[in-house]
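Quick notes on the structure that follows.
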Amino acid sequence: MAPPAPLLAVRGSEGLFMVNGPPSFTESAVFQRDSGRNCKAVAFSKDGSLFAWCNGEKVNIVNVTSAGLLRSFDLPKVVCLEFSPKNNILATWQAYSAAKDGTAGAPNLQLYDVKTGKCLKSFIQKKMQNWCPCWADDESICARNVNNEVHFFENNNFNTIANKLHLQKVNDFVLSPGAQPTKVAVYVPGSKGAPSFVRLYQYPNFGGPQSALANKSFFKADKVTMLWNKKATAVLVIASTDVDKTGASYYGEQTLHYIATNGESAIVQLPKNGPIYDVVWNPNSVEFCAVYGFMPAKATVFNLKCDPVFDFGTGPRNAAYYSPHGHILVLAGFGNLRGQMEVWDVKNYKLISKPVASDSTYFAWCPDGEHIVTATCAPRLRVSNGYKIWHYTGSVLHNYEVPSNEEMWQVSWQPFLDGVFPVKAVKYQAVPSELPSAEPKPAQAYRPPALRNKPVTSSKLHEDEPPQNMKPQSGSSEKPLSKTALKNQKKHEPKKAAKQEAKADCSQESTQSSASQNTPRSAVPVVTSGDPEIDKKIKNLKKKLKAIEQLKEQAAAGKQLEKNQLEKIQKESALLQELEDLELGL
């Protein structure tokens, strides 16, 4: 059975509607468009089977497949919605308002049982940041940060606090994904000269510092972002300060830390100074990508030892996105950058395509691991709103533009559980599309009339660094040199360079004399398919045909050939046909 086509939910001033994913791209006839202009929030369940939205009057829950209305709640002011991982609970949040007499206002965070429609619990949650309770994937545990301590509830029983994690002032926490046992990463900011720290615990072992799985302390941290990998074996911590005391940046200072559940921790050494724009785990949980440094930014893949594996060089980028299967990586520059994207094959570290999505404010992978949506949404940009659906090879398959008097606020793919979509082999040739190429023409710099017939001089502020493989080559036993050895090496480098230059001059003269005697028959341009496997086959076929040509020359000169050599000559026509077929497929 073929996997389903994911839906794309679109929310804007035109209302709320759903679009069928590739290959049809038509509006879904199953989900009835909500034409209200006041749709404030939408949410899919984790498996994509349920969909909830608030239209300014009610919060509705429907079954995505049948579009049958399951529940409806009279909550006109709700601005945030989220389902629990197993679809048992719908969490809703609306802005908190105190009572007129100055006493505490009504609870603004509600947890509803999706099956019965009953409100299980209401809380007062003043801040919108981190408003939603966190669940373990099996919903055995639910946690909230209340007055600088973490409260844990078990089996969705919100009337009894099963456990508390109390430290000096817990500012933030993140539950690990995946199966039991659940782990918790907590952040406590520094105070009175004491450093900030992040600790990892295994639920419910919170009894003192010795019970922590790992601990990492640091001084430069006003706020942190904690990122678990999919297997819950390690956390990446981006520590940020609001002010950079060195004066190098207006936007503070960032450092990247690695903490593993086995107690190991390290600072990830980033080769270029500057801000950290984005850090993302590969879904395989054994490597991560960081985008960092003053523009043009560097992007590097690191392993679990925090050693660089591959450096993508520098470029106009500030974001990284792994595909759901982890086999493709997109590096992109959105926001104040032009929207240039680089699509990389992660296995071979080979560039697949370089599309440009100008003025994009949103990017997301489709759950099938083949398609991408980029969108220009309000209020970030209020003009040219719309979205495009791409194939990762660079082809635009669908383009939707909002009328000039309307706005689009949000687009969201229907999620699916892991394993629904199989991994497909990476393609390098652009898939066919009925839409024209989206590549903009490069803008020409103005040249005054006096300079128009003269050669152009380079006016680059900097040279972009090329990508390079950082893995140590197999067979090389080179060890890192000590400071003394490096100093001696620098001393001898000028002499060594002079010798090599002299040798090069001699060899150049001899090469020129031999080249004048032996002119090549024909210069054949090297054609590549873009697919490493096909290129390898073509190379091997040409090698075999060259050997057959040599055997034919030997036979013409009167040499007696062996039986196996004659058999090789007989295969020439078949090899030529195979080569022609491969080259036609380029």
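Using N, Cα and C of the backbone, Cβ positions are placed for all residues, glycine too.
Annotated features, as they stand in Swiss-Prot:
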COILED    532-583  coiled coil
COMPBIAS  470-479  compositional bias 'Polar residues'
COMPBIAS  495-506  compositional bias 'Basic and acidic residues'
COMPBIAS  507-521  compositional bias 'Polar residues'
REGION    434-531  region 'Disordered'
REPEAT    23-63  repeat 'WD 1'
REPEAT    125-163  repeat 'WD 2'
REPEAT    356-401  repeat 'WD 3'
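DSSP labels the residues of the repeat 'WD 3' (356-401) in these numbers: 0 helix, 23 strand, 23 coil.
Helix, strand and coil counts from DSSP across the repeat 'WD 2' (125-163) read 0 helix, 15 strand, 24 coil. A Cβ distance under 8 Å defines the sequence-distant neighbours of the repeat 'WD 1' (23-63), meaning residues of its chain 6+ beyond its ends; these are 5-7, 9, 11, 13-17, 69-76, 78-83, 85-87, 90, 92, 114, 367, 389, 397-398, 410, 412, 414-417. Per-residue pLDDT, averaged across the repeat 'WD 1' (23-63), gives 90.
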